[in-house]
Amino acid sequence: MEKGVYIIGTNTDIGKTFISGLILKKLREEGRNAGYYKAVLSGAIKEKNGLIPLDCEEVMKISGLKESYENMVSYILENPYSPHLASEVEEVSISMEKIKKDYKSVRDKYDFILCEGSGGIVCPISFSEKKLMLEDIIKEFNLQIILVSNSGLGTINYTVLTVSYLRNLGLKVKGIILNKFNKSDIIHRDNKKIIKELTGVNNISTVPKIEDIEKYDLNELNEVLYGI
């Protein structure tokens with residue numbers, strides 16, 4: 001396995017970017033030379049000087065990483081669609097060769113790479129010209145996966161199905177993070193227990209709803225990051 005992890009979610013807007021920033025912050029504060037990479041980012045904000053990839057902005061703000069956009073993302077798209085549709089509408093041809101080349105550049109600069117996916121695992125990156133799925137990129141990079149999921153009602157189904165699908169693809173699930181976890185909520189506590197039993201994934205961390213990142217104990221991520 002490469003020295004890095006791939007962060008994916010059970011769905012879009014599940015908190016992958018925020019969690020990516022937290023993990024990167026923890027690694028860098030521990031003295032790790034850790035960087036960030038995202039193959040395709042859609043939903044960027046158009047400003048006078050070009051497109052601003054908000055995911056990169058958020059990760060850098062949380063983690064303290066200072067890096068240029070072009071060294072973090074291979075393709076920055078404006079429309080907030082699935083990557084395959086955004087690239088088609090914007091007439092951008094997505095190349096696996098460019099993604100591989102850009103990733104190698106990041107890998108050569110950093111000792112540990114945190115890669116963030118686009119949405120869930122069943123995510124078409126390119127479809128009209130040559131079919132490219134998110135799973136193809138993860139396999140190419142040979143990275144373990146940290147799955148980010150919601151903590152509330154319904155997450156057992158989403159999480160167990162995603163873990164099962166990942167394993168059917170031959171991908172390794174390093175751990176699971178339950179986001180916006182409330183320890184006083186009986187549903188949240190039970191969800192964690194049942195997910196662990198049904199998936200067999202022992203490394204499960206929980207992240208509460210965080211108002212002030214500086215007051216958050218990053219050691220709460222230790223379980224999911226064990227061995228990294």
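Using the three backbone atoms N, Cα and C, a Cβ is placed for every residue, glycine included.
Per Swiss-Prot, the Mg(2+) site holds Asp55, Glu116; the candidate it also names there, chosen from Thr17, Thr155, is Thr17. Shown in sequence order, Ile7, Lys16, Ser20, Gly21, Lys38, Leu41, Cys56, Glu58, Val59 are the same-chain residues outside Thr17, Asp55, Glu116 whose Cβ sits within 8 Å of the Cβ centre of the Mg(2+) site.
When Cα-Cα distances from Glu116 (Mg(2+) binding site) are compared across the recorded positions Asp13, Gly15, Thr17, Lys38, Lys180, the shortest belongs to Lys38. Annotation note: Thr17 (ATP binding site) sits in a helical segment as assigned by DSSP.
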